[in-house]
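A.B. asks: Before I ask anything, let me first share the structure, which is written out below as structure tokens.
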Amino acid sequence: MTIKKPTKEEAKEAVRTLLRFIGEDPNREGLFKTPDRVIKSYEEIFSGYGKNIEEILETKFSDTGNFQDFISLEGIKFTSFCEHHMLPFSGTVHIAYIPDNCIVGISKLARIVNAFAKRLQIQEKMTVQIAESVQENLKPLGVAVKISALHSCMSMRGVMQDNSIMNTMHYTGIFAEQQKYRHEFLNLTSKK
């Protein structure tokens, strides 16, 4: 299904409509340039749609130095937007993988988190997307991903719970098959 992308001017008019919907005057001094600022910020906030995960992970190193344990990158900070309410959720991602024939520069793991976070998301889907993209592109023995996040849709509206942390995990390969690897990963990340 192809979606016709509106022009910037149509998007700005949509922001003006929302401002009128909440009872504001989009032409008053403080709001006059708000549509421009919102569209510019949305281009950055949602820039993940333009990112190619395969390109991010294409530079691999085959010399693993006979490393046979797991590699982890913990505490990758992110902010994304919930696709249900278009409100932000923020937290940390922990990624581990057990290399088979190659490794990747650790900054690449942070880049794929950013690529998926800078889209409308749900945390569950983002957890799977990160794990599966590492699995598909690096072909490791297994991948583990844990995301812990605070959701504005819980703190700013509805149940008004501002300290509730949602945790999601996804495992592939040896992490999915062998509890000892999951246990080690969870012990490592539970202190973070």
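Here the Cβ of each residue, glycine as well, is placed from N, Cα and C on the backbone.
From a predicted model like this one, the values you see are computed outputs, not experimental measurements.
Below, the features straight out of Swiss-Prot:
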type	residues	note
BINDING	C82, H85, C153	Zn(2+) binding site
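Each of the listed features needs to be described in terms of its position in the shown structure.
C.D. replies: When secondary structure is read from DSSP and collapsed to three states, C153 (Zn(2+) binding site) falls in the helix class. Here the Cβ of C153 (Zn(2+) binding site) has 16 other Cβ atoms within 10 Å, regardless of which shown protein chain they belong to.
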A.B. asks: Does DSSP give C82 (Zn(2+) binding site) helix, strand or coil?
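C.D. replies: Strand, per DSSP.
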